[in-house]
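Per Swiss-Prot, these features apply:
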type	residues	note
ACT_SITE	H450	active site, for 3-hydroxyacyl-CoA dehydrogenase activity
BINDING	D296, N500, Y660	substrate binding site
REGION	1-189	region 'Enoyl-CoA hydratase/isomerase'
SITE	E119	site 'Important for catalytic activity'
SITE	E139	site 'Important for catalytic activity'
Amino acid sequence: MIYQSPTIEVELLEDNIAHLCFKAQGSVNKFDRETIDSLNAALDSIKQDSSIKALMLSSAKDAFVVGADITEFLGLFAEEDTVLQSWLEQANVVFNKLEDLPFPTISAINGFALGAGCETILATDFRIADTTARIGLPETKLGIIPGFGGTVRLPRVIGADNALEWITSGKDQRPEAALKVGAIDAVVAPEQLKPAALKMLKDALIEKLDWQTRRAKKQAPLTLPKLEAMMSFATAKGMVFKVAGKHYPAPMAVISVIEQAAQLDRAGALQVEHQAFIKLAKTEVAQALIGIFLNDQLVKGKAKKAGKLAKKVNSAAVLGAGIMGGGIAYQSASKGTPIVMKDIAQPALDLGLGEAAKLLTAQVKRGRSTPAKMAAVLNNITPALDYAPVKDADVVVEAVVEHPKVKSMVLAEVEQHVSEDAIITSNTSTISINLLAKSLKKPERFCGMHFFNPVHKMPLVEVIRGENSSDETVASVVAYASKMGKTPIVVNDCPGFFVNRVLFPYFAGFSGLLADGADFAAIDKVMEKQFGWPMGPAYLLDVVGLDTGHHAQAVMAEGFPDRMGKTGKDAIDVMFEAERFGQKNSKGFYQYSVDRRGKPKKDLDPTSYELLQAEFGEQKAFESDEIIARTMIPMIIETVRCLEEGIIASPAEADMGLVYGLGFPPFRGGVFRYLDTMGVANFVALADKYAHLGGLYQVTDTMRELAANNGSYYQQA
């Protein structure tokens, strides 16, 4: 053994080829400070052994190296610039040391080689991957850029255009795509990976392969004609800004870094990368996006933990077909859990199966599936007009019409047809789980399972714990949601649960602005372009359906009359009474037509303005800051109330619920990250300015206390 540490081992193989193996004690290899130090020491040991003629890197895990240890980032990024600069320089000394070894080197890549893992393989002369490999630099998704030479080496290996596409998108690449652009040299079956890597090294040793020219190219300026470079970078800036927009600076920074470093050697190019990395690491966007990543890991960790307590789900059933039932059936079947889709009407079953088939056909068209896989998924969905096929289901998802009496009747009915230990859930957005539980003989096996529409696109599932729900029931539903490819968060029962409870105060703030004469289109523009929501409140209500919104608003008003009760008509009432239900009947706040691609197209409609003006009087203009304050303050305070009341367990889960369930702007990180960034004291002062607008604008005593102590929510957590 040449070198050994808890994360890396180096041994000598035949023909004096050294083998450096990443073998962390956890489930995956990642570059924390300890691993970087170990790699440095391992490379020193290799350099000191004059018998070594070549080096192969590999992994003992299912993935090569998944990236840097992101849990270290927030603390590290809070340090002074000089500390960050020193960290980057020290790490890059190690990667340069790997690249500068006096003999050929190769990476044998299996599974993920992302971020720092990708930067590791770029530092070797050759790269060979097996068919499981996924390679990429996802740092822009965290609001930063690669920091260990990724922006320097990748353009010199695969060309500037390809590198810009890889790094700005942050997507990982399949081995075939990586081979096509020259990021790797060969793709082999997993069992052939190490033999093929050793063969390449031996060919390099007898000069069949020129490793020295390859290495020199990586360390030299980019060979890009000046005019071509200007055109290439200018085009990239336009295309990337169109996708990333002004709220996400990292993708644009990538272009600037590669452009500035194009005519520099390795040392100069790395300095450009370091400076840009440090600047981005200090941004609120990076803090927010890294926070989301860490929150996502926390939620997934909880789901994994729940799996240990969960009842195994081998088969499922959904009651109620149609679009929602079809979406749930598709999601379950496509992730490997067979499901019965039961309805009382054949047309509804046809619609549900049609929805699943439509989603699968789209996957095939995009090349993400095959006709054979599509057929297998459809075979996993069993349509039924009676309960006979439901009897063996481990989990039942009731997804009938949103009406308490209908749901209660169906729940009581299905309980008679399933096994004693089958879990029963209700997909409801507004109806109390405790109320529905009364229809069951065994309420301990019941909880809520709230999917968001469209099911195949929305990552969140709210798992709602009723007062009688057992821990096993909740854990089993969390595990099932996770198996379906969803992100489950557990919330306690209350009107609106978590997501809708915090959404409707936002709509109330919007309605208040309209009552005071604001233009709904102007509000949408501010909330989309400035705050960063994917849809403004008027557009969102049209998509959700103003009939649905009207019903949910009434539920919220009944549940929280002091804050959400109404004394007169609001804009939602006006649209509902005029039977303007949104996209579903082509008229809401906006009017809708179908474009050439069959997608809904929205336009302004004079009728909407006439209806609102008749109820609320003449329009007047509002400043952007006031629009943002009056819509967001109620949502933020209600989110805090949910945490204080134990409806949601942590700031992390609340923020994930908002980002995944509502599309809260990721670059803001969620309500609690937004509050911490703004400063709780600053928020309290802002809310007090609008306190005269009513209970939704009244901050809690705990918020005032936290503000007085200069505290923050994530610091507490």
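Residue numbering: from 1, along the chain as shown.
For all residues, glycine too, the Cβ spot is worked out from N, Cα and C.
Projection of Swiss-Prot feature records onto the structure.
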{"residue": "E119", "record": "site 'Important for catalytic activity'", "DSSP class": "helix"}
{"residue": "E139", "record": "site 'Important for catalytic activity'", "DSSP class": "helix"}
{"residue": "D296", "record": "substrate binding site", "DSSP class": "helix"}
{"residue": "H450", "record": "active site, for 3-hydroxyacyl-CoA dehydrogenase activity", "DSSP class": "strand"}
{"residue": "N500", "record": "substrate binding site", "DSSP class": "helix"}
{"residue": "Y660", "record": "substrate binding site", "DSSP class": "helix"}
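The binding residues for substrate are recorded as D296, N500, Y660; their greatest pairwise CA distance is 20 Å. Here the CA atom of N500 (substrate binding site) lies 11 Å from the CA atom of the residue listed as 'active site, for 3-hydroxyacyl-CoA dehydrogenase activity'. Note: the Cα of E139 (site 'Important for catalytic activity') and the Cα of N500 (substrate binding site) are spaced 32 Å from each other. When the alpha carbons of Y660 (substrate binding site) and E119 (site 'Important for catalytic activity') are compared, the span between them is 30 angstrom.
Counting only same-chain residues six or more apart in sequence, the Cβ atoms lying under 8 angstroms from the Cβ of D296 (substrate binding site) belong to T487, M656.
A separation of roughly 43 Å, to the nearest angstrom, links the Cα atoms of N500 (substrate binding site) and E119 (site 'Important for catalytic activity'). Long-range Cβ neighbours of E119 (site 'Important for catalytic activity') (same chain, at least 6 residues apart, Cβ-Cβ under 8 Å): F95, L137, P146, F148, G149, G150, R153. Neighbour count (other Cβ atoms within 10 Å of the Cβ, all protein chains): 24 for Y660 (substrate binding site). Mean predicted confidence for the region 'Enoyl-CoA hydratase/isomerase' (1-189): the pLDDT average there is 97. Other C-beta atoms found within 10 angstroms of the C-beta of E139 (site 'Important for catalytic activity') number 29, with every protein chain shown included.
Taking the Cβ of H450 (active site, for 3-hydroxyacyl-CoA dehydrogenase activity) as centre and 10 Å as the limit, one finds 24 other Cβ atoms among all the protein chains shown.
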